[in-house]
Number of protein chains: 2
Amino acid sequence: MSYQAPLQDMTFVLTELCGLAALSELPGLEDATPETVEAILEEAGKFAGQVLAPLNRSGDEAGLGFDNGRVTVPEGWQEAYDQIVEMGWNSPAASPEHGGMGLPFAVNAAIQEMFNGANTAFQLCPLLTQGAIEAIAHYASADLQESYLPKLVTGEWTGTMNLTEPQAGSDLAAIRSKAVPEGDHYRVSGQKIFITYGEHEMTENIIHLVLARLPDAPAGVKGISLFVVPKFMVNADGSLGARNDVRCVSIEHKLGIHASPTCTLSFGDDGGAIGYLVGEPNQGLTYMFAMMNSARLGVGLQGIGIAEHAGQHAAAYAAERKQGGRPGSAGSVAIVEHPDVKRMLGLIKARTQAARVLAYRAAAASDIASRSTDADIAAKAQRRLDLLIPVVKGWSTEMGNVSASLGVQVHGGMGYIEETGAAQHFRDARITTIYEGTTGIQALDLIGRKISRDKGYAMAELLADMDDTAARLDAASGDGVNWAGYAKSLTEATAALRAATNWIVDQAASHSELPQASACAMLDLAGVCLGTWAMADSVLAASARIAAGDSAAFLHSKLRIAEFYRTQIAAQAPALLALVTLGADAVMALDAADLGVSA
Amino acid sequence: MSYQAPLQDMTFVLTELCGLAALSELPGLEDATPETVEAILEEAGKFAGQVLAPLNRSGDEAGLGFDNGRVTVPEGWQEAYDQIVEMGWNSPAASPEHGGMGLPFAVNAAIQEMFNGANTAFQLCPLLTQGAIEAIAHYASADLQESYLPKLVTGEWTGTMNLTEPQAGSDLAAIRSKAVPEGDHYRVSGQKIFITYGEHEMTENIIHLVLARLPDAPAGVKGISLFVVPKFMVNADGSLGARNDVRCVSIEHKLGIHASPTCTLSFGDDGGAIGYLVGEPNQGLTYMFAMMNSARLGVGLQGIGIAEHAGQHAAAYAAERKQGGRPGSAGSVAIVEHPDVKRMLGLIKARTQAARVLAYRAAAASDIASRSTDADIAAKAQRRLDLLIPVVKGWSTEMGNVSASLGVQVHGGMGYIEETGAAQHFRDARITTIYEGTTGIQALDLIGRKISRDKGYAMAELLADMDDTAARLDAASGDGVNWAGYAKSLTEATAALRAATNWIVDQAASHSELPQASACAMLDLAGVCLGTWAMADSVLAASARIAAGDSAAFLHSKLRIAEFYRTQIAAQAPALLALVTLGADAVMALDAADLGVSA
């Protein structure tokens, strides 16, 4: 059940499908040559497999201690965290000027997938710190940056994001926490829930980023500001001062990610926690939105990482467990030989590979958007990133859940026994479709801000790229690929996605609420169709390498997995299109009583 | 989060769709008039809601004690079990000659759905006892029946089924436990795992039914015999004697059903447990197969019950939780008003209702098969039952899992917190697609024994019934129903199921292994299409009642839920047909290395 980073596929996706060589020509990424990246990924893979993965099961079993506001992490956690800091794995994409490695986001995506896949509960801590770094690096004053960034980047301090309140979950307009000005700082008070790594003692300080309202703030989303609130005050010389007025009042007993403290934080019980405004007043939600892409990409990568881990785990079991015979075999065979077990493992593998391409491509778009010197190219990349993010987050995490469930199923009765570890993936994965915006929220983002707002413009650009791939399939030849079949499948997928997009845009033009009932189907359709495109590009790239003399077995596997994707997953596109365009009326017709809600 | 038995729908399904009035004309069921049944279901519903459901969460939290072979159940369990015995709920379908209520299986299905839905971990104990009763009542000698049946029927003793061994799960041919003759009994030895309620002290005795091999038994499935092995010996006067040589060596730490002891039982550590042969030697597996229908129906009903409970739980939360606005509403609204939440709750409701019809119809077929005086009618009912069982078991439990997951999703972040209880449904449901034969095993049963073996004959009978319903839809009229749409959907579903059946039969004729790769898709297709038929019959029945002047709001809800099913679920049939007929080749083409298994 040890995790091995899928380095071969990661490198293939980065080099063949994300243009890694071109990324390393962007300003600031010159050091990220394919050779260097390969070496870095190999080291990261070792760390994931040898340090993080072995703590995954033990951390889940041990869980967390909580006593009078103090949180204790499982055995081995501290040592692993210290290594993260020492080896520079805390924030690989952070800028060198702040002490980071300055790796491309695309490469960081692979590293995050590995670390999250190896040990989701652990990696949440660096993930949240990365979010805090990004917020401070982009929006905070030079003084705040100087005080907080260096130790956040190394990981000597960790960061948190404080958004949710009991009455304000998906709807942040309902936030009530307050910040009252006092000299050069503010006094912050209020209660925040579901704060990941909100308290622990692995580092000497924790830097909370907190959404709160100024006294004169307008109601709703336009009156929310962002504050830095350290657990311990930071003196001018960088040393730590008094404990700030924030404490952890409880941690949650959760279905999964047992070793990740999910905290209720109380700010200001003793007069107000000292906080510093980030950027301008009342811009907190704008800043959060700007950071949302990387946070949602990060959670999408959790889904992919867990799917990969669950798939490896199930494949290893299926190779060992003997049960039942097959025609032509004397005695019982390993269950991996049984067609239905192959099918389950194939589903995990094919969707994981497709989702990986989409996620890394989103990350590569982020590199281009933030670094290209050509404004048009950068703007197009930003549109691509914005469009892909809800699909990457929503589809990868739903896929992660299904994959972890299939992993349990492959284990049979043993999958239901906790010590086997398959159940942990299933429990851990379940949060990923919820936090950082539920799948429903991702779907609304997709059909609203990402499709309706620009009347399908960014989607049309993407569909044009899919058309290009289809044309390349039409012109392609080479053994081991059903080229005509793949061209047909991609053409159908593209047509389905185009038709669904048009339906959404048309409905939105009439200000109908109807598309909201189709939003999740649209997200699923987008995932399936973009996955078809990703696998088609994979087939073209693998086939070209084979034609050029590369004999790696991996490339032939890639072709078979892609054909599996085509017939098992891409084939769903027409049904999903029907769901988008024909399924919404019956949803809207339901009243609460139909659903068992008493009037 | 309290559970309320869906009495209105249960009664509707039994009376309108399962021919309850006709069932009560069968020999021995004369007392089961619709009025009596309604009264019984109401009482059962009270017990489920008021006694079993309140123990569901507390039992999960408390879990089980295990100390030196002794298992202790959670607080309240003993009292609830005593009430089961006192009120006669232990085995409602058992024959009055053995002290049972003699209710129709169809009515018992509703009771089992309620009890399992209210508290799956608890109801597993009576469920297993019912299996033991059935085995003894059908196959054991009069002496064994006299010694064991009365107290099993009342529930004064409980029963277990001992099949699985570490090397023998889905493949019972690998069973190694031994039974050596000694006078009028046998000495049984071996280790059995995953034995539900294998040990507890709620009753003074436990009667184990054990599969084991006689010394001269042939290898494989034809050498397995069935034995009764009591925990305490039973004296001739019915009093209890010495402890038998069987003990519980451990209980499993599981993902869910925490309050149901899953035991490893060791037989014969001290010379051999005394056991009595049931029926003939080497017929154990035949007897197990004969009991399989009711056991699998029981697990299918767990899936339906959990889905119903999870749906009620989520609907109650959605009615209370306010978040976000809607066009035309000032301020935030209950989330049940949001289209995507409606969609999720609708999915739970629609599939639960469809699966309920199929399960109760299977149970009604069982009543007819076992009681009809017309041999042809009985034989046809048996064919129908045999055909429906893998679909009821497989599809209902997969549906239960998806429903419980949607229930978590409706809760958002709160769904991930254990105290909310949504996560428990998700954990509990996860075993139902595994035990009593995994979904993969159900699917192989469907395409093999149930479709290929009779060359699609039983399925053709069922498809003819679906054609009849489609013809009735064509001829129907009445407000509130898209009759043409429903006729089209059912016609398409019937055509898809017929085409898939033909494909399976054709492939099997060429002795191809290929259909195994399509088996799960075939099971899903069968569930979706038979569900379409069930909902179509529901629409016809509800519309007829409305036309006759019944103004119940429930009937109008039924029409809207059916339309939801049609556009959201029935619409998947063509894609599933494509999966069956076109998806298998790519599965079979995968080799183990493609799936990450090292050579």
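Along the chain as shown, residues are numbered 1 onward.
Glycine too: its Cβ is placed from the backbone N, Cα and C atoms.
Just so you know, TrEMBL annotations never went through curation; they're auto-generated.
Remember, predicted model here, so these are calculated numbers, not experimental data.
For reference, TrEMBL has these:
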type	residues	note
DOMAIN	B:35-156	domain 'Acyl-CoA dehydrogenase/oxidase N-terminal'
DOMAIN	B:161-268	domain 'Acyl-CoA oxidase/dehydrogenase middle'
DOMAIN	B:282-445	domain 'Acyl-CoA dehydrogenase/oxidase C-terminal'
DOMAIN	B:463-591	domain 'Acetyl-CoA dehydrogenase-like C-terminal'
The domain 'Acetyl-CoA dehydrogenase-like C-terminal' (B:463-591), counted residue by residue under DSSP: helix, strand, coil: 109 helix, 0 strand, 20 coil
Counts by DSSP class (helix H/G/I, strand E/B, coil) across the domain 'Acyl-CoA dehydrogenase/oxidase N-terminal' (B:35-156): 88 helix, 6 strand, 28 coil
Average model confidence [pLDDT] within the domain 'Acyl-CoA dehydrogenase/oxidase N-terminal' (B:35-156): 96
Secondary structure content, the domain 'Acyl-CoA oxidase/dehydrogenase middle' (B:161-268) (per DSSP, counts of residues): 7 helix, 56 strand, 45 coil
